[in-house]
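Asker: Attaching a single structure in structure tokens format; questions to follow.
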């Protein structure tokens, strides 16, 4: 069973980063840094597939094995892959420090082999009042992505 994973984020533009995952008890600690962003919040999600053959679009929808509506990371009703937002400072750097109890590095909620995506816009956490909000949080375009792999 994997206890650590890593993801290198890359896209067509300047956005890039490295994200690390570590299983700690019943949670996964997600840490790292993303550069090249515009200042403010950006949706941050695990997507269904580890397929980046057509850029980030081939990663599919948010990882959602429980067939729930989109929500925030603290919500009961959420996709497994819904990790909310990362916030970039005025220099375009987002420091990631998330503890999540729904994603896993093993079992049916395993994110290993799936794609991590950082989005153009803020995730409205399913509270946007339209159908797209309940699917994607209106986070819009995928700026950078990478497949999550087992790490030492």
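Positions of Cβ are set from backbone N, Cα and C atoms, glycine also.
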Asker: In Swiss-Prot, the Cu cation site includes 45, 47, 62. Which of 109, 119 does it also list there?
Answerer: 119
Asker: Checking feature assignment: region 'Disordered' per Swiss-Prot, candidates 55-77, 78-100. Which range matches?
Answerer: 55-77
Asker: How big is the Cα-to-Cα gap, in Å, between residue 135 (N6-acetyllysine) and residue 62 (Cu cation binding site)?
Answerer: 8
Asker: Please identify which of 4, 10, 47 has the densest Cβ environment, defined as other Cβ atoms within 10 Å, among these recorded positions.
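Answerer: Ranked by Cβ atoms within 10 Å, first place goes to 47.
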Asker: Using the Cβ centroid of 45, 47, 62, 119 as the reference point for the Cu cation site, which residues of the same chain not in that list have Cβ within 8 Å?
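Answerer: Along the chain, the qualifying residues are 43, 44, 46, 59, 61, 63, 81, 82, 117, 136, 139, 142.
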Asker: Ranking the modified residues 104, 106 by other Cβ atoms within 10 Å, which is at the bottom?
Answerer: 106
Asker: Please report how many Å separate the Cα atom of residue 106 (phosphoserine) from that of residue 2 (N-acetylalanine), as a whole number.
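Answerer: If we compare the Cα positions of residue 106 (phosphoserine) and residue 2 (N-acetylalanine), the gap is 7 Å.
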